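Below is one structure, written out as structure tokens; comments come after it.
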Amino acid sequence: MNKEIKSIRGMYDYFPKDLKIWNYIEIIFKEVLNSYCYLEIRLPILEKTEIFKRAIGNVTDVVEKEMYSFNDRKGNNLTLRPEGTVGCVRAIIQNNLLQKSNKFWYLGPMFRYERPQKGRYRQFYQLGAEVFGLETEDIDLEIIILTNRLWKRIGIDSFITLEVNSIGSKIDRVQYKKELVNFLKKREYLLDEDCKRRLYTNPLRILDSKNQDIQNLLKEAPLLSEYISFSENNHFKNLCNMMNHHGIKYKCNPHLVRGLDYYNSTVFEWKSNKLGAQNTICAGGRYDSLVQEMGGRKTPAIGFAIGIERLVLLVKSLKIFSEVIEESNVYIIFIGDNNKCHAINLSEEIRDLYPKLRIFINFLHQNLTKKIKNAISSLARIIILIGDNEIKKGFFLVKDLKEKKEYHLLKKELILKIQEIFK
Ligand code: ATP
Ligand code: MG
């Protein structure tokens, strides 16, 4: 194929079969978010590069290697957003939205220059939610209960598990980082290349390594939880107690850390064992100093993001939805070009009366048998046939493909029949 008309590596087209699942998921998500009074916001896909660098952290994978950044015509350095939280914080500071409402959600594409593989793409969609102004663990719990409800509503709750951890405050982590680096330096020869690099840039990320040898090595390592302040520890304990009380199943994973610098205190991930290496469907946590660091007044915050493609992969692997797409409900076939007008008029009249029906007119130059075959494969419920004879006598020939019955109906009768069938 001509190379120039191929899409960019790691960026995919989405087709109707998959989009049927996407739309179903979206409808459920919107319903659930609405039921918790989270309000939608839509944000630009491009932001100034500087805000990501400052917020996400210069030595994180995202900022170091994964951002799509470029200069615009005036020389401003811009970035295709790699995640949604930073833009959301920028927007609420800029628009003074902190007082008005404190729970938001958004859905849209994100961009990261990563190595494409199953569940990891260069353009992918996230549904995210962010809550501002609440510092107690009640909101951590609400977010976890809310996400749990999403899984239940879609029917994947038994295939996905929750891991939680507390990564304390920045100050707590400074001391811990020193201890961890000390421990790992003594064993540097055992580290893989990635971890060696991280030892000097972002050592906490080593905790989260997928390499089993590294995980074994870490069994002896100092534990972050031992360096966390009393108040942070309390926050986490309270959250765990509340989860127990509300019947939320979870696992404490002391090695769970997040890839972006702005997180603190509670972090969590929902994982599935059905997806292979890219198994995190939803990730989130608190970021209590980000609003202030980005120039707003001190405001605690928490959020999460769901990777929609991974969720769709999971839903597909579980075969929760049938992949059959009904292309039409009513299939109109006209015989002879002079009857095309009647077909169009009739279809418009039906749409006026029944706006939800899907009405398809076959405009192809095919013989009748072929057109009927197409109607059947489009999973239409009824076919309406319009030929000279029908027009002359003022009726329509209607085939009910499900009941396997045929009717000759006046327009009025046809309209009633449609109502009866599709009520
Ligand atoms: P991972 O450990 O999988 O790289 P991350 O820590 O980079 O995840 P976040 O920035 O927390 O991920 O993003 C939240 C969610 O968005 C992830 O859990 C995942 O479901 C999804 N996600 C992240 N990066 C990608 C990607 N490149 N392609 C598809 N989905 C992604
Ligand atoms: Mg990542």
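Every residue, even glycine, has its Cβ placed from backbone N, Cα and C.
Heads up, TrEMBL stuff is auto-annotated, nobody curated it.
Not measured: the values here are computed from a predicted model.
Around the Cβ of TYR263 (L-histidine binding site), a 10 Å sphere holds 24 further Cβ atoms from the protein chains shown. Per TrEMBL, L-histidine binding site is recorded for GLU83, GLY84, THR85, ARG112, GLN126, GLU130, ARG258, TYR262, TYR263.
Looking just at the domain 'Aminoacyl-transfer RNA synthetases class-II family profile' (1-355), the mean pLDDT is 93. Annotated domain 'Aminoacyl-transfer RNA synthetases class-II family profile' per TrEMBL: 1-355, in sequence order.
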Next on the checklist: By the count of other Cβ atoms within 10 Å, pick out the sparsest of the binding-site residues THR85, GLN126.
Outcome noted: GLN126
Checklist entry - Among GLU83, GLY84, THR85, ARG112, GLN126, GLU130, ARG258, TYR262, TYR263, which the record lists as binding L-histidine, how far apart in Å are the two most distant Cα atoms? => result 21
Checklist entry - Which residues does ARG258 (L-histidine binding site) neighbour through Cβ under 8 Å, counting only same-chain ones at least six apart? => result ILE167, VAL267, ALA283, GLY285
Checklist outcome for this item: One finds that other Cβ atoms within 10 Å of the Cβ of GLU83 (L-histidine binding site) number exactly 20
